[in-house]
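Trainee: Please see the structure below; I have some questions.
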């Protein structure tokens, strides 16, 4: 196969998906977003499986990758709806942390241009800890950064789905050709 074949393109695309998922995983860990961390972990595992299947000519592994990309697109559409508060969803709930903590997206306080100020509690004697964080001056609101991350994941997954289907069909054609040529050699 040539260098610009569908197989080579799928390998490059899987590598790009891995880098993108790892970057997203890091920021979800920083924000203690447990649902996305779990999803990203599964995504990384399946992309590695798809990469292995592509390199080793294993169409079944690529089929698993193809099915996963459809599920991954669905998950990322949900995340977009969550952060844009579509259909009764609210970005201020603890849904992404499985209601374990009150952490939110890391980008909420650390986005580009954001100025973060920690303010002491307003009631005296409540706690010596700081309880309120004021964030101002963000160039892009955090929910839009999360939406951009999900949109990139959707784009990569859709392109990956198309290339994976193409590579599977190529592998199946090569298998059929080898099977028929082997059958004629036996006769």
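Note that Cβ sites are derived from N, Cα and C of the backbone, with glycine treated the same way.
A TrEMBL annotation is a machine prediction, not a hand-curated record.
Take a look at what TrEMBL says about it:
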type	residues	note
SIGNAL	1-21	signal peptide
TRANSMEM	34-55	transmembrane segment
TRANSMEM	62-86	transmembrane segment
TRANSMEM	151-172	transmembrane segment
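Describe each of these features in terms of where it is and what it packs against.
Mentor: Beyond the transmembrane segment (62-86), the same-chain residues lying 6 or more positions past its ends with a Cβ under 8 Å from any Cβ of the stretch are 10, 14, 36, 39, 42-43, 46-47, 49-50, 53-54, 95-96, 105, 143-144, 146-147, 150-151, 153-154, 157-158, 160-161, 164-165, 167-168, 171.
Sequence-distant neighbours of the transmembrane segment (151-172) (same chain, 6+ residues past either end, Cβ-Cβ under 8 Å): 6-7, 9-10, 13-14, 16-17, 20-21, 24, 50, 54, 57, 59, 62-63, 65-66, 69-70, 72-73, 76-77, 80.
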Trainee: Can you tell me which parts of the same chain pack against the transmembrane segment (34-55), counting only residues 6+ beyond its ends and a CB-CB cutoff under 8 A?
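Mentor: Contacts with the transmembrane segment (34-55): 7, 10-11, 14-15, 17-18, 21-22, 24-25, 28, 61-62, 64-66, 68, 72, 75, 79, 95-98, 100, 160, 164, 167.
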Trainee: Could you pull out which residues elsewhere in the chain have a CB under 8 Å from any CB of the signal peptide (1-21), counting only those six or more residues past its ends?
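Mentor: For the signal peptide (1-21), the far contacts come to 40, 43-44, 47-48, 50-51, 54-55, 62, 65, 152-153, 156-157, 159-160, 163-164, 166-167, 170.
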